[in-house]
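Novice: This structure is in structure tokens; I'll ask about it shortly.
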Amino acid sequence: MSERIILDDAAIQRTITRIAHEILEYNKGTKDLVLLGIKTRGAFLAHRIQDKINSIEQQLVPTGTIDITHFRDDVDKVVQQADQRAFDINVDINNKVVVIIDDVLYTGRTVRASLDAILLHTRPIKIGLAALVDRGHRELPIRADFVGKNIPTARDESVSVYLEEIDDRNAVVIE
């Protein structure tokens, strides 16, 4: 199957810059702002957005990773109970404005799992959602506050995000 490039390296960089500016406008600066990237590619994107915000505001926004593995609705409930804290960040996110970062927003189930993981032990002031790509086909009533690119797709198509940190290239492709 051939791939169709939707975003190349330069387009991804511009998109991250725009999302960073939108997050700053949404939050009116960096006060109480925390970024949580959904493992794996969302975490790398969160750090890229953190770097961009730092270059704009000269403020290092606390950034961490959230692993939703044990909060997915397609795993055994016994496994779900084993996980106490699914996020890795060095600040308390209670009473903070948390922005969840994901690479592709599709059915909404990954985002729902991340909300479950966050709200199990903490109470942020507000939670926002940023996605590099929104491909539609939602199964839950979830919408991103910040979207890099809306890509209408067929259900049988696959949207892949490649990031140089793990894939040795930057691209968003439909396969």
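Using N, Cα and C of the backbone, Cβ positions are placed for all residues, glycine too.
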Novice: Can you dig out which of the ranges 98-110, 124-136 Swiss-Prot describes as motif 'PRPP-binding'?
Specialist: 98-110
Novice: Enumerate same-chain residues with a sequence separation of six or more from D103 (substrate binding site) and a Cβ-Cβ distance below 8 A; give 'none' if the list is empty.
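Specialist: Spatial neighbours, sequence-distant, of D103 (substrate binding site): I38, R41, G42, L45, A131, L132, V133, V161, L163.
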